[in-house]
Each structure stands twice: as structure tokens, then as C-alpha cells.
């Protein structure tokens, strides 16, 4: 491409809004061009379906779309605390009370353990990619390299969906805890509109203010945001220790009975929902482009933070259900109300402040990660490339961060937490499942290297792994109560993984850091993620299906043609954009 780079950026300036900044591709230069592009939809889709990106393209070529470089300023220490700030507070304060009361009871501690195991498996997959492809796109870039443009678009749309609903849900939870802290009802700061449908009739302007404030800090600078998160997370750590100690000292083990009041199905359903509590770690992977030594810092930052967070979550969930009977937990501000229940009213305010801190850092780190995901997606022209631009002074993707912030604010203003959490959970699980598939593809299939016979065996075994995992998911979600389905799908999953391990050689070895026990850990990750998806219920899949349909329509009419032109360099030169 002509004219990209810092000189062109300085000439044209950062703040610009011309049509060609949004749609520079040849297909959108005129109505006749667009009609011709639409007539080639089938051919273009076939081209993009099999189009896999190169690592060099993601690492070097696409970065030029941003015109300015992001600043390498983070170490493993920063990544650990960014992971802590992104994750702790996002779910433990928001969903623990809701899921313990409605689905799992005291077994919520096992729900967190199951979700934590699944998240840790996904962390392994992310880490291997991140150390070898340290770009801002995270899972989007990794999937684009291994599974092709179309799968990457499906992932990208779900990444954006997860980012939007996750930020919106956290913003609304911030309002609930703030209201509790000032001794008001959790919904008292929201505006009730009776004419709107249930779940969308409580307007939350305070959530909008909080979202915009956190995004403004993220846009100001990465290093400043990291330091802010680090100091805030130290305070949060002290609060978590306080909650755990009080929970075990003032709690009553009698509250843990019955341990499984809703059965195993309720426990797994809760595990699928509280998975949202672990989703911040993928935001850390998007910081690879701003990490000083990715091959060392990313494994330490990701694995170190997630291992400790899983343990903390389980202990905190246990402390909560010991302090108060699961059937009496408050679904909006469980920890604050639980302290009142044990007679420590003064601690209610302390817990609320700590929860607000956790949610604030979650929004802060989320704004960092969401902006970088969006930047890489825009670099590929799946969304308008203006959102790929990096600010020349701040070194941050201001346009991308603004896009995600405005959209999440619209959702936060109208949509209830229960609606948001189910949609976010299913999108997250779907992406993590794809990441495990991509890791297997990366290890076992190398273009022009892997023999055809090995490709056939690999595809066959992978199809059985995915198919048997889907079978387990469907059989579980159907609530048939039998065992025959498990007796068939379980052994098939095991035998297919064994066959892949024994009969198919790996044609790529990790250069720096690799996931251990391949293919066993990625296969287990696929199975657990799909299993948890099946635990979310019919309504979550309906919402997920509707969102996916909207995204596919966008792809057919816009995204497909933009990425096709980008891949074949049918982009208007910079000189013609002025």
C-alpha cells in the first residue's frame, strides 16, 4: 500500500472523518463497484473461507495501517497486575450471589473451580500464540492465521460482542454496588420506564458516566493506566484477604448444607455463567504489542495471574456461602449484605468500596484490551480502518476505544445484568473453544509441509473430538437423565484424542513456550468449553444466534468485500484520499 506510515499521518492529522478513511477499498468507491462486488459474493466468500493470514503479515504489514506504533512499556509484573485488575471484581462481586442463590447453592465453589480449570486451559493456548505472534489482536489474529479469515470474522464479532456486553454488565453492577454503599436499594439510582420490556426497562445513566471515565484514562496512555491499576489492585488484595478471613471466622459451616441443592446440572449452569469472571485474561494477551519481552513476560503474566485468581475465587465463594445461607443471598450486592448478616454493618461500606474498585479496574483494563482487539480487527478492514489508527502522542488506539465505549454505553443504559451475563458467557466460551482448535491446527498442520495422509487423519480425529464434545453438550443440556449418551460420547472423545496423540505426528514445535500434553489439554479445553455452553440454557443460544445472524449479514454486505479487497490490495492509495 502506498502512503502509509508516520509521514502520511503527520500530513493528514489524526482526527479525520472522510469517506475514504472509513471505506478506502475499491468495492466501496462507487455504487457500480459495490454492485459488482455483490455479484461476486460467492467467489469472494470461497476465497476468504480458505484464506489464512501469515504471521509476518500480522506482525509487520498490518501494523502500518495504524500509522503510528504502540509503545513497548510493559513487563511481566505489569501483566500480572493487569490480569488481576481485569479479572478480580468482574465476576466474583457481581455473579457469585446471583448464581449461588439461583443455580448452584454452596456448590458455587465447585462452579468456580470448573470454570477456572477451563480458563487455565485456554490460558495455555493463548500463551503459546502470544509469545510467537505478539500483536494487539489476540485471539482474532491467532485464529486468522490458523483457521482463516471467515472463522476469524466469526471470532472477531464475538470478541466485540463479549467486549460490549461485558463492559455494559460491569458498568451496571458498579451502579448497584454504589447504591448499596450509600444505603439505598440497588436499583434506586436507575430510571424505571414501564413502557420498555422487562430486562430493558431500568435506565442506568451512572453506568454510562463510569464507562466513559475509565475509557478516557485508557486513551490517555498505557503506562499511566497500568500504574493506576497496579496501585488500585494492591488495595484490592488487602480487601480480599479481609473478606476471606472474616468469612471463615464469622461463617457457619451449617450454611453449606445442602451443598448441591440444585443438583449437578445447577452447578454446571452456574459454572458456565461465572466463566465471565475469568474473561479478563484474554485482554492481557492483547497487550503483547506493548510488552518489552513477550516471550518471557507473557507466560509469567498470564499463567501466574490466572492460577492465583482461580484459588482466590474458590476461597471467596466458600467464604460467602458460609457467612449467609445461599437462599438468602442478595443477587445484586451479595458480599455487602452478607457482612450485615453477620453483624458487621460497618464492613458493608468497606466491601462495597472494594467491589467498586475491582469493577473500576476491570473496566480500566477492559478498555485497554477492547481497544486493541478492535484495532487489529480494523487493521484487517473487517471494520472501517479508521479505527486502527494509533494516536501519535499518546500511543493508544483512541478511535477504537471510543467505538467500543459508545456502543457499550448504549447497552449499559438499557440492558439488565442477567441478559448481559448469559450473552457474554456464551460468546467467551465459543472463542476459547476455537482457540483450542486453532492450537491443534497449528501443531499438526503446516501448509506445504504436512503430508496429505497426515492431514486426512488429523481432520478425522479433530472432527470426532469436536463431534463427541458437541454430543456431550447436547446430551447434558437435554436433561434426559440417562447415561447412554455419556457412555458413547466420552469414550469416543478419549479414543480420538489418543489416536491423534499416537498416530499423527506434530509438524510444528513451539519456538519458545508451548502448551504441555498436546493434544490432551487442547482436546479437554474443547470439551469443557462446549459442555459449559450447553449448560447456559435455550434463551442464551437464541440471543447468541440472533447476534450471530446480524454479524453474518454485515459480513455478506460489507466485511467480506472489504477484506477481499484488502487481501488483494484493492485499496485506494493515500494520495487519492485527500
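The backbone N, Cα and C atoms fix where each Cβ goes, glycine too.
Automatic, uncurated: that is what TrEMBL annotation is.
According to TrEMBL, the transmembrane segment annotation covers 107-130 (among others). Beyond the ends of the transmembrane segment (107-130), by six or more residues, the same chain brings 96, 99-100, 138-139, 142, 259-260, 262, 266-268, 270-272, 274-275, 277-278, 281-282, 285, 288, 294, 298-299, 302-303, 306-307, 309-310, 313-314, 317-318, 320-321, 326, 432, 435-436, 438-439, 442, 510, 513-516, 521-522, 524-525, 528-529, 532 to within a C-beta distance below 8 angstroms of the stretch.
The annotation transmembrane segment is assigned in TrEMBL to 150-171 (among others). Sequence-distant contacts of the transmembrane segment (150-171) (same chain, at least 6 residues past either end, Cβ-Cβ under 8 Å): 45, 48-49, 53, 90, 94, 138-141, 143-144, 204, 207-208, 210-211, 276, 279, 359, 362-363, 366-367, 369-370, 373-374, 377, 380, 382, 404-405, 407-409, 411-412, 415, 417, 420-421, 423-424, 427-428, 430-431, 434, 547-548, 551, 554-555, 559, 563.
Per TrEMBL, transmembrane segment is recorded for 200-221 (among others).
Only residues 6 or more beyond the boundaries of the transmembrane segment (227-249), in the same chain, are considered here, and those with a CB under 8 A from a CB of the stretch are 78, 81-82, 84-85, 88-89, 217, 312, 315-316, 318-320, 322-323, 335, 339, 342, 344, 347, 350-351, 354, 357-358, 360-361, 364-365. According to TrEMBL, the feature transmembrane segment maps to 227-249 (among others).
The transmembrane segment feature in TrEMBL is assigned to 256-278 (among others).
Look at TrEMBL and you will find 298-320 (among others) tagged as transmembrane segment.
Here the transmembrane segment (398-417) has long-range neighbours at 14, 94, 98, 160, 163-165, 167-169, 171-173, 176, 196, 199-200, 202-205, 207-208, 211-212, 215, 218-219, 367, 370-372, 374-375, 378, 386-389, 391, meaning same-chain residues at least 6 beyond its ends whose C-beta is under 8 angstroms from one of its own. Annotation source TrEMBL lists transmembrane segment at 398-417 (among others).
The annotation transmembrane segment is assigned in TrEMBL to 423-446 (among others).
For the transmembrane segment (458-477), the list of distant contacts is 265, 268, 437, 440-441, 444-445, 450, 485-486, 488-490, 492-493, 495-497, 499-500, 503-504, 519, 523, 526-527, 530-531, 533-535, 537: same-chain residues at least six beyond its ends, Cβ to Cβ under 8 Å. The annotation transmembrane segment is assigned in TrEMBL to 458-477 (among others).
Sequence-distant contacts of the transmembrane segment (483-505) (same chain, six or more residues past either end, CB-CB distance under 8 Å): 440, 444, 454, 457-458, 461-462, 464-465, 467-469, 471-472, 475, 519-520, 523, 527. Under the heading transmembrane segment, TrEMBL lists 483-505 (among others).
Positions annotated as transmembrane segment by TrEMBL: 512-534 (among others).
The annotation domain 'Cationic amino acid transporter C-terminal' is assigned in TrEMBL to 513-562. Mean pLDDT across the domain 'Cationic amino acid transporter C-terminal' (513-562) comes to 86 in this model.
What TrEMBL records for 540-560 (among others) is transmembrane segment. Sequence-distant neighbours of the transmembrane segment (540-560) (same chain, 6+ residues past either end, Cβ-Cβ under 8 Å): 38, 41, 44-45, 48, 150, 153-154, 157-158, 161, 382-383, 419, 422-423, 425-427, 430.
Per-class residue totals from DSSP over the domain 'Cationic amino acid transporter C-terminal' (513-562), listed helix then strand then coil: 40 helix, 0 strand, 10 coil.
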